Amino acid sequence: MHLKASLLDENAIRRALTRLSHEIIEKNKGVEDIVLVGIKRRGYPLAERLSEFIEKFEGVKIPVASVDITLYRDDLTNVSDTPNLNDPKIDVDIRGKKVIIVDDVLYTCRTARAAIDAIMDQGRPEFIQLAVLVDRGHKELPIRADYVGKNIPTSKDEIIKVQIKEIDGTDSVEIYEN
C-alpha cells in the first residue's frame, strides 16, 4: 500500500466542518431539538467539533452522543473471529429529536445502516440525517449523506485514510493504492 495523494489537511478539514455546521443550521432552520450522534471511533470527535462550531455560530450547545455499531454490523464475522462487543446504548434521549449521524467516511453505507438500526432501537427520532467528512462512492445500500465535507470518487482498490487529531494526533485525509 502506498500513498497516492494527500487530499485534506488540518485547515481543509476545519473549513469542511465549518461549512457542514452552517448547512446543518440552514437545512434544519436553526438548532432546536438537534442531537449529533458520532459513530465510534472517528465519527464521535467529528460530531464534537460540529457541535462546537454550531455553538460558536448559534450560541446553543448541541448534545453529542456516540454510538457503537458493532452489534449491528452485518459483517461481524468478517471483522474479527472474536469481535469486541460493546453496549450500543446512546447516552442522550433521541426520542422525537432531529438526529444527525456523523461519520468520517461513507463507502458502502453498511456502517450508516448499522447506526440507523442502533438509533432506532433506542427510540423513535423525529428524523435521521447523515453527515460525513468524506463520501467516496461505491454504495451498496440506498443511503446518501445529507451533508458531505468532500466527495472523493475512488476505485474499490483505493483506501481512504482519515486521521483525526483527537485519536491520531493529526488531522488529514489521504488516499492509498493497494
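Cβ coordinates are placed from backbone N, Cα and C, and glycine is handled just like the others.
As given in Swiss-Prot:
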BINDING   Arg41, Arg42, Asp103, Asp104, Val105, Leu106, Tyr107, Thr108, Cys109, Arg110, Thr111, Arg136  substrate binding site
MOTIF     99-111  motif 'PRPP-binding'
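Feature map: Swiss-Prot annotations on the structure.
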| residue | record | Cβ contacts under 8 Å, 6 or more apart |
| --- | --- | --- |
| Arg41 | substrate binding site | Ile167 |
| Asp103 | substrate binding site | Gly38, Ile39, Arg42, Gly43, Leu46, Thr111, Ala112, Ala115, Leu130, Ala131, Val132, Leu133 |
| Val105 | substrate binding site | Val132, Leu133, Val134, Asp135, Arg136, Ile160, Val162 |
| Tyr107 | substrate binding site | Arg136, Gly137, His138, Lys139, Ile160 |
| Cys109 | substrate binding site | Lys139, Glu140, Leu141, Pro142, Ile143 |
Secondary structure at Thr111 (substrate binding site) (DSSP, helix/strand/coil)?
helix
Substrate binding residues Arg41, Arg42, Asp103, Asp104, Val105, Leu106, Tyr107, Thr108, Cys109, Arg110, Thr111, Arg136: largest Cα-Cα distance, in Å and rounded to whole number
18
